[in-house]
Ligand SMILES: *Cc1c(COP(=O)(O)O)cnc(C)c1O
Ligand code: SF4
């Protein structure tokens, strides 16, 4: 396991490059809005390597090769939690393109979930019985190298301003839907005015009880949990669930803790999903600490996604047998409510599919 040292990268003291109202904290230092932090994300492989103090001659050509396939995007607060000079830092691994991405591997595909098939009307995806997904935006605040989104044309599917009536009509006509999931991309990359409008409109559909948000933003830019977001969440009569995405305990710090606690105060139930990733979290120690640390900050572990064979991400592949053995180990170490469900999303299935180890107890084997 990688030992983390206190050596962290200091925040750069540069002026924001976009327009917007700046606030100053009591010490008089510049406080950026989440939009400014998002706009100032590192989007250049060379800049990322330089920030981490990594030798360009070793890493830049590979990083550029991956960057051409799926661009680099990392917000500053996430970079600040990385360890300088360590190319194996578990946070950096998630965002730094390696030359491996450009190497063709048999069996790794572009749309492993065959999502392109489930789209109902623009921006509305119905692949589950009681839940509908709204593709609020194709944008993400961070580009994770292992994500299948790297190949999916999400931008062409996202909602436009004119789609609202059509989407609402479709939901009105579907009394079996009781939960709407804001999805993307990252739905919290969208401004709160628009999200609040959607939340209000959905609250007007009688059979919709819950609003769920799947977002990595509260983790990668904790400042996203701003007063405007908390305002519309608090105001909404729907039950609110936010599923964050944390893969490694070092992603959690005081800022994420504070963001989570403000969300809970606004009546939001917090869950976490992770992806099992080689070199990031494929150890029982790391996963156990992740569960403990999440719970300490008020978040329940929910899903651990088995690895999907995404083209360009084979260097993260953990096979199902290894993943299932890790979860069995977690079951011994942790209370049941801290053990995430190991699942896979399979094309055409009405729910996630549990990934079970080969050595199931005898009574569960067929024949
Ligand atoms: C699986 C999945 C859902 C639905 O999740 P459940 O918790 O199983 O209802 C929603 N959004 C995304 C992106 C998913 O992958
Ligand atoms: S934030 Fe989520 S959807 Fe966006 S790139 Fe990362 S894993 Fe993919």
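Glycine residues also receive a Cβ, built from the backbone N, Cα and C atoms like all the rest.
Here the structure is a predicted model, which means the values were calculated and not measured.
Here's what TrEMBL has on this protein:
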- 140, 144, 147: [4Fe-4S] cluster binding site (BINDING)
- 126-349: domain 'Radical SAM core' (DOMAIN)
- 352: N6-(pyridoxal phosphate)lysine (MOD_RES)
- 1-25: region 'Disordered' (REGION)
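Residues within less than 8 Å, Cβ to Cβ, of residue 352 (N6-(pyridoxal phosphate)lysine) and separated from it by at least 6 positions along the same chain comprise 303, 341, 343, 344, 345. Close to ligand 1, meaning a Cβ under 6 Å from one of its atoms, are these of the recorded positions 140, 144, 352: 352.
Around residue 147 ([4Fe-4S] cluster binding site), a 10 Å sphere centred on its CB holds 20 further CB atoms from the protein chains shown. Excluding the listed site residues 140, 144, 147, the same chain places 142, 143, 145, 146, 149, 150, 216 with Cβ atoms within 8 Å of the centre of the [4Fe-4S] cluster site Cβ atoms. Every protein chain shown contributes to the tally, and the Cβ of residue 144 ([4Fe-4S] cluster binding site) ends up with 22 other Cβ atoms within 10 Å.
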